[in-house]
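What follows is a set of notes on a single structure, which appears directly below.
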């Protein structure tokens, strides 16, 4: 499909392949200007990926500097896709770094117009135009995606023909420089190693006593290192291939040879033990001789009596020397025993502890963690009361259990009474007149006489009527309260 100017549009599948291949590089997954992730807009002249905010900045610069397109929404021509086939954020960044444009790659405090009108940006634009022109000459009417396009460096301006010739030359040089190892190398090695045999010591000096250890023929043959002359060494140039690394090969050993090797190893171990024992015994003898010489030198300055005493007790002196040597050997053995690692023989779990103490500590910790348990005694005892004090709860302070019990007993006698007086509560005796009515503190009968009519001697009937009305009023109020509470409970249901 083509437009009026003759430009060929690419299919959506080709466009997706180009940008998917471009997104395989991590540097192409961020904006080239600000560093935001997942950019979907592009600067076509420079072949870089941009975010939507930076695309607005590029759109304001002008088409003579740059123009933007969406990688997912717009249609793309083949020539525009060539710039992203051969470009990308990673190649533009490499070009800027290698051409003194590092300060322009900073994502902050860099003007976009200054960045894209700089000499480095202009050089990169010209460089990308040349690469696009070469690709158009190779593939004029189609877009071919090769694996080499993403690996080409931005500074590589040589032609593809020169690259192919250089590759062919490098291959020819590699195979021309390759040389097979000569078959007579083993014979040369044998001759040279034979010439390096040690010469016999012709001097008159006596060699020091050393412990000679026999080695197996197989081990010595495998450990020999070949020695090459200067003529046999290969000269490697810079253009030639790298040296072939030497490989270590293992030789097969027969069963009989393996048994001989094990026997030889045992003999060598026994020989080493014997040598250590002889060295230790020789050291003890040398020390004993030193003690003898020192003792003889000290004995010369003493008087004759001391000499006679020493001569009479030679056995004790020899025993002393033997004891010192034995003590030295024992101390050495003790040091060896302390240095050798040993496992302590313990019980289950290989830990030293006291199970009883641990169990007690665990029980105490559980008790502390649990705290006091709720038994319900407090609710049973004080559930009907409206309030209690801490002294009453714990039985301390001004609280008296006997007085409290007596008060409860007195209150039980007034369970059915509507009202009580202090005299009836405390059990005080009331004065009664001749009619059996209680007498007030004023001296007149409260039920029969009033203070106003005490002089006339008549009975006041109004007082009794008022009392009856008051009682009737109280009964009505109580009934109304009960009826109201009943209706309230009914409505709540």
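Yeah, the Cβs are placed from backbone N, Cα and C, and that goes for glycine too.
Given the structure is predicted, the values throughout are model-derived calculations rather than measurements.
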Quick test of your reading of Swiss-Prot: among 7-30, 31-54, where does it put zinc finger?
31-54
Selected residue, Swiss-Prot feature phosphoserine, from candidates 398, 464, 485
398
Which residue, chosen from 170, 293, 444, is annotated phosphoserine in Swiss-Prot?
170
Write down the residue from 187, 230, 306 that Swiss-Prot flags as phosphoserine.
306
Please report the distance from the Cα of residue 389 (phosphoserine) to the Cα of residue 398 (phosphoserine), rounded to the nearest angstrom.
11
Count the Cβ atoms, other than its own, that fall within 10 Å of the Cβ of residue 389 (phosphoserine), considering every protein chain shown.
10
Helix, strand and coil residues within the zinc finger (31-54) as assigned by DSSP
3 helix, 7 strand, 14 coil
